[in-house]
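Engineer: Pulled these from Swiss-Prot:
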BINDING   68, 73, 74, 75, 76, 130  ATP binding site
BINDING   130  (R)-lipoate binding site
DOMAIN    26-213  domain 'BPL/LPL catalytic'
């Protein structure tokens with residue numbers, strides 16, 4: 001099943017990641033999700049928010065911080081960034097999870113005539129710029145691998161809000177690409193809307209996972225109910241994230257990708 005989700009608060013959208021992972025495990029089905037998030041900083045499960053996020057700037061701009069269930073560092077989401085998530089009903093290795101989701105991004109870039117490459121295992125670069133980062137959450141019965149794709153996001157906002165961990169470059173742990181983000185619009189000089197990216201990503205997901213299974217609406221309803229509870233009890237709680245608040249659990253519209261509208 002390939003889903004699209006429209007709107008919703010960052011807290012609910014991240015809660016839905018955990019809920020869909022649980023649905024994948026329980027029902028033994030592969031699910032993919034294409035989605036956008038309003039302005040937010042999404043940090044890894046073990047991220048040190050104080051070291052990775054410019055909290056004062058985030059407060060000044062009204063940007064909430066939300067912690068996801070996967071590892072990795074802090075990333076900035078806005079409506080110019082497309083997210084793709086895949087939920088696989090088995091335990092994958094970290095490298096296998098990264099290879100799966102980066103292949104979807106690379107295939108999408110190839111369809112656009114853009115040459116991309118993987119760096120640092122979980123980044124996709126075009127020239128000297130990072131256009132996509134990915135992370136994974138691995139459980140006993142299912143794996144979540146998700147990635148960003150910077151379409152029109154202003155990279156100066158990322159640099160204002162997310163603190164690059166340059167000591168990792170100095171130690172030789174990662175290449176400088178990891179902390180050199182840029183959007184496809186600025187690299188190519190051509191604007192791509194999210195609905196256009198959704199169409200291309202949908203084809204890339206099918207190439208990676210095969211034709212999606214036809215799953216009933218009851219699984220979607222179960223996922224939304226799970227996410228509703230997770231958002232209320234976990235993801236909107238200030239102590240779980242940061243002192244930033246803005247924890248309203250505003251729900252997105254959730255629909256199969258087969259519906260006629262691609263407007264996200």
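The backbone N, Cα and C atoms fix where each Cβ goes, glycine too.
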Engineer: With H, G and I counted as helix, E and B as strand and the rest as coil, say where DSSP puts residue 130 (ATP binding site).
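Structural biologist: Reduced to three states, the DSSP call for residue 130 (ATP binding site) is strand.
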Engineer: Where does residue 74 (ATP binding site) sit in the DSSP three-state scheme?
Structural biologist: coil
Engineer: Using a 10 angstroms cut-off on Cβ to Cβ distances, just flag whichever of 74, 75 is the loneliest among these binding-site residues.
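Structural biologist: Among the binding-site residues 74, 75, the sparsest Cβ neighbourhood within 10 Å belongs to 74.
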Engineer: Let me know how many other Cβ atoms fall within 10 Å of the Cβ of residue 130 (ATP binding site).
Structural biologist: 24
Engineer: Around the C-beta of residue 68 (ATP binding site), how many further C-beta atoms are within 10 angstroms, looking at every protein chain?
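Structural biologist: I get 23 for this one.
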Engineer: Which residues of the same chain, at least 6 positions away in sequence, have a Cβ lying under 8 Å from the Cβ of residue 76 (ATP binding site)?
Structural biologist: 39, 40, 41, 42, 63, 153, 157, 158, 161, 162
Engineer: Over the residue list 68, 73, 74, 75, 76, 130, recorded for ATP, what is the maximum interresidue Cα distance in Å?
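Structural biologist: Binding-site diameter by Cα atoms for ATP: 21 Å.
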Engineer: Suppose we draw a 10 Å sphere around the Cβ of residue 73 (ATP binding site). How many other Cβ atoms does it contain, all chains included?
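Structural biologist: Other Cβ atoms found within 10 Å: 23.
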